[in-house]
């Protein structure tokens, strides 16, 4: 109760805005999977399925509703980084899994194992712990301040390590081990992703200040961050697609979530010095909340093809056959992966 009282009294207005935007993003994106799936099914019933090379879903209004819903969620996610620290926004991406799982159970009549429900509860508990103890957003008056933070020795050293690791992975390990070791592709995505989120946050701050009357588009730093965002996102999409093509989705999703979120929090702590404004108790509680979310995510993915008391081998095979015909995975995806979402 004391934590709740401190949160309600001391949480900054920017953090509240960022929290609302992050939760809205999870709601829209989680729901979009279900709406698009319904649209694909409806289109497939009267035309050639997407998995068979058909594009009849482009004429299905329900599919477009799902796509628009996803775009709205992505915009909300982008905006959330302009108001709240990454250590608050990024882990909340796991909540879209809960929304997708719940809606799939209600609308698509998909079974949710008891341990899957436990996974959802763990995600909620972990997210609550992070929200209650998240650091206040750093007050920034110009994009040049963000540039100064990005060019400090600590973050420059981190960025140099990331670039070195990425080049080694791409030019040495990808040709030899990309198709056989899942960590190669996911490593590239996660490392580049931690830099892209910092640049997205910088760009979001610049746009927020511009809309409030302080034009940041005149600064070259704004366009430099924009270039970094585009470069990083293109790189991530490329190697995330390679990972999804080479490995099982159920394996890629949780591993990518863990690496991506961990490195993003690390980058934020180094660049924006989030933990400098917190005491050890708050930091430890945030880490415990993050680990709780990770546990819930893995549990939900591990049990997504199970129902109480049975293995569902035959049912999974029938479902797989139907999915291949449908051209769309009915299992509940992790937000960043199935929407090709690069920024958590």
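Placement of Cβ uses the backbone N, Cα and C atoms for every residue, glycine included.
Heads up, TrEMBL stuff is auto-annotated, nobody curated it.
Source: prediction; values computed, not measured.
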Annotated range (TrEMBL: transmembrane segment) out of 223-240, 313-330: 223-240
Intrachain neighbours beyond the transmembrane segment (182-203), with Cβ under 8 angstroms and 6 or more residues off its ends: 78, 81-82, 86, 90, 143, 146-147, 150, 155, 159, 162, 165-166, 169-170, 173-174, 221-222, 225-226, 228-229, 232-233, 235-236, 239-240, 242-243, 246-247, 251-252, 255-256, 259-260, 262-264, 266-268, 271-272, 342-344
For the transmembrane segment (155-175): best-contacting stretch of 16-35, 82-108, 115-135, 223-240, 247-271, by Cβ pairs under 8 Å: 247-271
